[in-house]
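A.B. asks: For reference, the structure I am asking about is given below.
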Amino acid sequence: MATRFTRRKFLAGLAATGLSLRMPVLVAAPGEKAITRAIPSSGESLPVIGMGTWRTFNVGGDRHLVGERTDVLKTFFELGGSLVDSSPMYGSADDVMGEALERLDAHDRVFAANKIWTRDGDATREQDRASRRKWGIERFDLQQVHNLLAWEAHLDTLKRMKADGDIRYLGITTSHGRRHGEFARIMEQEPLDFVQLTYNVLDREAEQRLLPLARERGIAVIVNRPFQGGRLFRRYQSEPLPAWAPEAGCSNWAEFFLKFIVSHPAVTCAIPATTRVEHMKENMGALYGTLPDEQQRRQMADYVAGL
Amino acid sequence: MTDTDWSSYSLSDFLMFGPEVFLRLFVRINQDLWPWQGLAIVMMVLIAALLVRGDTMAKRGVLLLLALAWMWSGAGFLMAYYGPINTPADWFGWAFILQAALLTVAALVWPWDGTCVAPESRWKAGVGWFALTALLPLLVVGQSGNWKAVALFGVTPDLTVAASIPCMLLLPRRVRWLFLLLPLLWALFSAATLWTLGTRLMVLLPAATLVLTVAGFWFSPRPVQNRG
């Protein structure tokens, strides 16, 4: 049945959308509270599930896909998400994120995390400015040195930017378990708010040194590649969840993988990336309910290792 | 893991997009060009006809049309569509334009000696070339399952490059290598990209280019008369 679309209806719909963005938990899961963790250096709370953009938001000028990614971001916000992480390395991801934020009018809803990715140690502010322009924001909440590229020069500038109020937090990143030795040395010596690293039910090297060190030094931890770039699903999705999964708060594999990560006491949030709304809904399921305890975490790792 | 363990990297670490976005490039350029794809078909027919004719003017005509195809796929597909999601595609776009300039110079300036192959061979060349150029686009359709993703000669780089190699046999072997370098580089780049994306059927396109390019370095059509 066709419905006449009036200006009044349009404005009412717009207001409802805006309201839903600002009241995410009410829309997503009535009566349930999102699981959050405090950023050690400030005490500010963050939802334990964030969103990555690697490979997923680099869609160039494809209007159709920009619309689809905007729907993914909308679902993320509606279900209580906040931290979104990107990088100038990810092609057009910054541009697409800026357009999606603009369409959703969600600039004040996002905890904006980005990276400095250039060998030119003098280009920190310039790259930060370029990324801000693409996102359409006045400042990033978190700015990180991507994969330790020219990290000394960039970190020096980021410290000054933080002191000047140009960013709120600073950090460094690695992935795939690379350069953990150097990463740990920087964590020991520099005043970092955040580190970002790879950790999942199979890639657990970070448990040895980096995660304990983050707790000891009071550094927030963002976890990338929580699904090993999708490999965990390809490998295990056809397998059954263990019978005790609901006791650990998991009703599907996405929740299983994510809750294993965010239940580690040193982890602040995980940043899965997806192109599909239904997958985003599954991911955001890990933001609610109970988290596995230490014994259940061991069970989870053993179960996956045994498949 | 050591601090400089490059063995931990794989090709997929350098690819910042997935197969969905890549295959959509073909759909998008076809939607945006519609109905001007007709020009690409006209170009294909013209080149096939000129290959059958085979005289000096026809050779110049083939090379000029090839130049147009390289220019179009470089500035269009590579720079306007592919470049925004994959920076090396932008660089290849400029290289395609340079190749187009080279082909134009070869068409207009090269002192052709008037050698010509036998009429029967010319018919085979023309018809064979047209068949190759008409059938290869189906690989992309097969991969994407979408007719709107058909990759046309003169529009998309893999088709343009693969279809150009047989025509480059028109060039004397002593200068031909200059025109085969970029096809070789493109085929390697494209094969690595398509393999990493998991679009395995489409890998046949750069694979065909590689085979044709290697053959192009050694093979020359046998002249039967001199009209010079």
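Every residue gets a Cβ built from N, Cα and C, even glycine.
Annotated transmembrane segment per TrEMBL: B:33-52, B:64-85, B:91-111, B:123-143, B:149-171, B:178-195, B:201-219, in sequence order.
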A.B. asks: Which listed stretch (B:91-111, B:123-143, B:149-171, B:178-195, B:201-219) has the most C-beta pairs under 8 A with the transmembrane segment (B:33-52)?
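C.D. replies: Highest pair count goes to B:123-143.
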A.B. asks: Please determine whether the transmembrane segment (B:178-195) and the transmembrane segment (B:123-143) are in contact (criterion: at least three Cβ-Cβ distances under 8 Å, sequence separation 6 or more).
C.D. replies: no
A.B. asks: So which residues does the transmembrane segment (B:149-171) touch in its own chain, when a touch means Cβ under 8 Å and the partner is 6 or more beyond its ends?
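C.D. replies: Distant Cβ neighbours of the transmembrane segment (B:149-171) are 23, 26-27, 29-30, 33, 37, 39-41, 43-44, 47, 51, 59, 62-63, 66, 68-70, 72-74, 76-78, 82, 92, 96, 106, 110, 125, 128-129, 132-133, 136-141, 143, 179-180, 182-183, 186-187, 190, 202, 205-206, 208-209, 212-213, 215-216, 219-221.
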A.B. asks: Counting only residues 6+ away from its ends, which parts of the chain sit with a Cβ under 8 Å from the transmembrane segment (B:201-219)?
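C.D. replies: Residues packing against the transmembrane segment (B:201-219) from afar: 136, 139-140, 142-143, 151, 158-159, 161-162, 165-166, 168-169, 176-177, 180, 183-184, 186-188, 190-191, 194-195.
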